[in-house]
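Input: a single structure, listed below in C-alpha cells.
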Amino acid sequence: METGGSSESPAEPKKGKTKTPRKPKESLLKQKSPAEFFAENKNIAGFDNPGKCLYTTVRELVENSLDSAESISELPLVEVTIEEIRKSQFNSMIGLVDRERVDEELYDDYETAKAREKRLAKEARAQETQAKNATLGKKVKEPPVSKGMKGRGEASFYKVTCKDNGRGMPHDDIPNMFGRVLSGTKYGLKQTRGKFGLGAKMALIWSKMSTGLPIEISSSMRGQNYTSFCRLDIDIQRNIPHIHVHEKRDNMNQWHGAEIQIVIEGNWTTYRSKILHYMRQMAVITPYAQFLFKFVSDTPEKNATIRFSRRTDVMPPVPLETKHHPSSVDLLLIKRLIAETSKQNLLQFLQHEFVNIPKAYAERLIGEMGPEFNPKMPIKSLTSQQIVRIHQLFRQAKFDDPSGDCLSPAGEYNLRLGIIKELQPDMVATYSGSAQVFEGHPFIVEAGVSVGGKDVKQGLNIFRFANRIPLLFEQGADVVTRTALKRINWGSYKINHIQDRIGVFVSIVSTKIPFKGTGKEYIGDDITEISTAVKSAIQQCCIQLKSKIVKKMQAREQQERKRNLSKYIPDATGAVYDVLREMAQSHVSKKKRYDDEDAEVLSKVSARVITKETLREKLAQHVEQVDYEMALEYATQSGVTEEPREAIYIESLEAEKKFIDLHSPIFVFRLFTN
C-alpha cells in the first residue's frame with residue numbers, strides 16, 4: 001500500500017550576498033626625503049609643541065650666530081627680537097582677508113545657552129561667597145578673571161629675528177645652507193654646539209608647516225661691498241630650496257654678519273621663562289659675548305628689553321677638527337674612510353687617517369693582522385674580510401689616549417667671570433679638569449660652585465652645559481643632577497645644601513657628547529668616566545669653598561667673641577671700681593696697709609684720677625688689643641692677610657693696541673707692546 005505524501009528534503013539555507021574578501025593592496029616601495037622625515041618627526045629636533053618650537057628656534061639661531069663670530073675670532077654681538085603678530089596682521093601677511101563668522105555653532109569656542117547659564121550661575125555663587133567672607137572679615141581672594149574659550153584654530157604667531165657680527169655666508173651657498181636638510185659646514189669630528197646639524201633648517205620646516213611663510217636671510221662677509229639677500233622656503237618632498245628672491249644689495253656700512261628673520265607659530269606665555277633662562281645661562285658660559293634680547297608686543301606691559309653685557313674680551317680657542325681614534329671607529333666608518341682617503345697603501349692609511357698611530361706602531365699592527373697584509377698593499381684593494389680583521393684588531397689593541405688639544409672649553413677664567421657677572425654670589429669657586437677619554441673620545445669637565453647671589457633659590461640650583469650650550473630640559477636623569485644630589489657630601493664642606501643658596505655649574509665639552517633620549521637634552525649617568533670626572537670637579541670646587549667658609553666662620557666667631565667681651569665691659573668696670581674704692585677707703589683710714597704699687601693705684605682712685613670711665617676705656621682698649629693679636633696670629637698661620645676680591649673684570653680694549661695674553665686658570669695677565 002502506498003502511503004500518501006512524499007519525503008521532504010531538508011530546508012536549504014537562503015542564498016545571501018556573499019562578500020568577497022578584499023585583496024590587500026600591493027605594498028609599494030616609497031622613499032622619504034630627509035626634510036620629510038624631520039617634518040613628520042619634528043619632536044626629535046626639539047619641536048614638540050608651539051612653545052618648545054619658539055624656544056628651539058631662538059636657541060638654534062643664537063648658537064649659529066656664536067659659531068659664526070667665533071670662527072673669525074670676533075667678539076660676538078647677538079641681537080634677538082621676538083615680535084608678537086596679531087591675527088589680522090598675520091592674515092594680511094599671507095594675503096588673507098578677515099571674515100566675520102556666519103555660523104557660530106561651527107566654531108570650537110561656541111557657547112550654548114545652557115552652558116552660558118551654568119557659567120553665569122557659577123560666577124554668581126562665587127560673588128556671593130566673596131560677599132559673605134568680606135562680611136565675616138575673612139581674607140577675600142580676588143575672583144578669577146573670566147576668560148572666553150580659546151578655539152583650537154586660534155594660534156599665536158611670532159616673528160623671530162636674529163642678527164650677528166659673524167663671518168656671514170657666501171652668496172651662492174645661502175639657498176642650500178637653509179633649504180637642504182643635512183647639508184652644512186659643521187660636519188666632521190670636532191666639538192660643535194649643535195645637536196643634529198639642522199640649525200635653522202628645522203625652524204624653516206616648522207615655519208612652512210605652521211605659517212607657510214618663507215625665511216629671509218641677509219648676509220655679508222668681511223670686505224664685501226654688497227649684502228646678499230635671500231627669501232626662500234623648502235620643498236619638503238624633494239629636500240631642495242624653493243627660492244623666491246636671491247639678489248645682491250649695496251653694503252654701504254661695510255657690515256659683516258647675518259640677519260635671519262622667520263615667522264612661526266609659538267607660545268611666548270608658557271615658554272617665556274625658558275627662553276630668558278637660556279639667554280641668561282648663555283651669558284654665563286660666554287661672558288665675552290654681548291646679547292640684546294627684545295620682546296615686542298602691541299600690549300605695552302608685555303614689552304621687554306634685556307641686555308647681557310660683555311665682561312671680558314678673552315675668547316676660548318676655536319675647536320679644531322681631529323681624526324678618529326682607532327678604538328672609536330666601527331666597520332662602516334672604516335669603509336667610508338677607505339673610500340675617501342687619498343693615501344695609496346695600508347701603512348700610510350693607518351698613519352694619516354687615525355690619531356696616535358705612529359709609523360713603527362702601524363707596522364706592528366700590520367704584522368699582527370696576518371700574512372695576507374703588508375705595508376705596501378693598496379688600500380683600495382682590501383676585501384670585506386680584511387676590513388673586519390682591521391676592525392677587530394682596533395678593538396683589541398692598546399692605543400694611547402687622544403689628547404684634548406682639539407677641544408675648546410670655556411676656561412676657568414670665563415666660567416668664573418660669567419658666574420660673578422650674572423649671579424653676583426657671595427663666594428664662588430671654579431675648577432677645570434684635564435682631558436679624559438671615553439670610548440676613544442676626549443672630554444673635559446669644568447665646574448663652578450657658588451654660594452648666595454641674586455635670583456638664586458634656596459637649595460641646589462643646577463646649571464648644565466654641553467659643548468658650551470645650556471641644557472634646560474630633562475634635568476632629573478642627567479649625570480650632573482644625580483651627582484650633585486646623591487654623590488656629594490655637602491655637609492663635610494661646611495655647606496648646607498638645603499638651606500643655603502647653592503649654584504652648581506658643570507660644563508662638559510667633547511667631540512662626542514653622549515646625549516640620551518630623542519631630544520638630546522641630558523647626558524646619561526651610565527658612563528663611569530664622565531660621572532667620576534663630574535664628581536671630582538664639583539669636589540674640587542667644594543674644597544676651595546670650604547677654606548673660604550671656615551675663614552668666614554672663624555672671623556664670625558672672632559667678632560662674636562669681641563662683641564660678648566664688649567658687652568660685659570660696663571658690668572666688669574662697675575664691679576672692679578667698687579672694689580677699688582672700698583680698698584682705697586681702708587687704705588686712707590689705715591685699717592689695712594698695702595704695698596707701694598697697690599697704694600699708688602688706690603691713691604689715684606681716692607684722688608679721682610682713676611674713675612669708672614677710665615677703667616671702661618682701658619678695658620675696651622684691652623679687648624681691641626687681644627682681638628688684634630688673635631687676628632694677627634691667625635693671619636700668620638694661614639698665610640692670608642686679606643680676603644681675595646672676586647669681581648675682577650677686564651673691559652674691552654681698542655683693536656689697534658697690541659698686547660699678549662698670559663693665561664692662568666683664574667686670571668689673564670695682559671702685556672702691552674709698543
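Quick reminder: no glycine exception, Cβ is built from N, Cα and C everywhere.
TrEMBL does not curate its annotations; it predicts them automatically.
Listed in TrEMBL for this protein:
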| type | residues | note |
| --- | --- | --- |
| REGION | 1-34 | region 'Disordered' |
| BINDING | N64, D164, T185, K186, G194, K195, F196, G197, L198, G199, A200, K201, K520 | ATP binding site |
| REGION | 121-151 | region 'Disordered' |
| DOMAIN | 402-561 | domain 'DNA topoisomerase VI subunit B transducer' |
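Remark: L198 (ATP binding site) has F38, A45, E60, V181, L182 as non-local neighbours, by Cβ distance under 8 Å and separation of at least 6 in sequence. When other Cβ atoms within 10 Å of the Cβ of K520 (ATP binding site) are tallied across all protein chains shown, the result is 20. Within 10 Å of the Cβ of N64 (ATP binding site) there are 23 other Cβ atoms, across all protein chains.
Within 10 Å of the C-beta of A200 (ATP binding site) we count 21 further C-beta atoms, all protein chains included.
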